[in-house]
Every structure is written in C-alpha cells, then in structure tokens.
Amino acid sequence: MKVAVDPNTSLVYPRNVDPETVKDKNNFRNYTSGPLLDRVFATYKLMHTHQTVDFVRGKHAQFGDFSYKKMTVLEVVDMLDQLVDESDPDVDFPNSFHAYQTAEGIRRAHPDKDWFHLVGLLHDLGKVLALAGEPQWAVVGDTFPVGCRPQGSVVFRDSTFQDNPDLQDPRYSTELGMYQPHCGLGNVLMSWGHDEYMYQVMKFNKFSLPPEAFYIIRFHSFYPWHTGGDYRQLCSEQDLVMLPWVQEFNKFDLYTKCPELPDVDKLRPYYQGLIDKYCPGVLSW
Ligand SMILES: [Fe+2]
C-alpha cells in the first residue's frame, strides 16, 4: 500500500495507486495473515481485555451529555483525515476516504435512496472519539455484547479474552449472561465504540433519517451477528427485519475499500445537500 505516514503528526498522505494492491473479495477481513496483522491483533487484545459491563456503562455516562465539541458533519469528516483505523486489516489510509468510498458505492447501487448514501458518509464519524483522546480499542473494530459469553465468530475469540474479568463473573459468563432471551439488540449493552456513540449523536441531534439509518449505524460493526450468524438468542423480530439492511450496507462498507482514493472536492456539494436535508448545521458531539 503506497501510503506514507508522518510519525510526527499521524497524518497520512496518499500517493500513486498501485493496481496490484486492489484486492479481490476473498482477501478482505483476513485475521490470520497479512502485513497489518500484528497491529490488528494488539488492538483486539486490548479491546477484549478491557471492554466489560462496567467499562461500557462508564463510557455511556462519560459521553452521554454531548459536551465534547460543536461541529458540523463535514468538519468531522475532515477531522477523520487524521485517523488510521488500527483494527482494520484492509486499509492503511485515512478514514475520510473510506466514508466517501462507502457512500459512493451505495449511491451507484441505490440511486433512489439518498438517505442510504448519507449513511455511507456518516457511518464511521463516531471514530472522532479517537481524536478526543480515547484509545482505539474503545473506538474501532468489530463490536460484541458485553454481559454474556463471547460467541465463536468474534475475531480472535480464543486468544484475547483470557484477562477479561467479566468472563470470571457468573452473572456475565453464560450464553445469555445478564439478558433475557430475544430481548432485542437495542436492549443489549454492546462493547463501546464508534457505532453506539454515533447512534447516540444522531438521536441527540434529532437527525431526520429513517429508522433503518439509525439501526445500520448502530450495528454495522457487529460482525459476529450480521456476518457470523451468532447472538440470535438476543434478537427480537424487529432485529431480524433490520438484518438485511445491515447486510446490504456491509457490502459497501467492506468491498469499496480500495486504494484508488475519491476526488473529495467534486463530491462535497452533493453530500452537503444531503446534510442540509437530514442533519443540518452545527451539531453537539
Ligand atoms: Fe465502522
């Protein structure tokens, strides 16, 4: 990947694209080999050690008053130029490009659903938490429910949870843990990260997007559920109705990742129009 990182600023500069680096579908989300594997494993090891019921409740309290900053959507998109996601085995370029790549992929496939295009642009904006000083293991990566035993399809399931205190706690270490069967994912305490935070930002600022948009953003990183097929015992009927939306979104979140970076200046006016329609002005983060 021809991307240079300036260690002094953490800024990343895209250079020429090498077509050899464009991947085919089977090469995404490889957690057993690849040049970024050590960094990815280290992020998940920390996440799976420290994401506990108490930790997540604390983060909800800490960020629940949206007093971090006042910013527009595009200001946050631009801020993500400073972020490289250390949990992602597939990309080593700034997250803002991923936002536009995802949005444009959805726009090509679903030209009539402008709200869905905007979901592509918005879905990772919660990663601004990393720029607010939060460690990456509490921001990025796949999510999983805390308060019950991690299921088989969680990445690095067998090598990263041994130091998590919740797994020694009988309240939290059974298959259902602290939940009732089919309680609904909205009632489940997910590991804390950019999905839940952005969902809460959208609610707090009263985005006028459809419920599907809120749902997709809240659970787009819950791979053990939407792709792994686990955690069905926690799902309500409504979750199963929404699942195809999350899976449709995921195609674009994952397979539009390529080192050919979009011309952001050309795309901006279209997305500014969507922002003005659904989530205008200065927002509370
Ligand atoms: Fe994401």
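Cβ atoms are placed via backbone N, Cα and C, with glycine included.
The Fe cation 1 site recorded in TrEMBL includes HIS123, ASP124, ASP253, and the single candidate from HIS98, HIS110, HIS226 that the record places there is HIS98.
Ligand 1 lies under 6 Å from the Cβ of SER221, out of the recorded positions SER33, HIS98, SER221. Under DSSP, SER33 (phosphoserine) is assigned to coil, being neither helix nor strand in the three-state scheme. A sphere of 10 angstroms centred on the C-beta of SER221 (substrate binding site) encloses 27 other C-beta atoms.
SER33 (phosphoserine) and HIS123 (Fe cation 1 binding site) have their C-alpha atoms 27 Å apart, to the nearest angstrom. Counting other Cβ atoms within 10 Å of each Cβ, the lowest count among the binding-site residues ARG29, HIS194, HIS220 belongs to ARG29.
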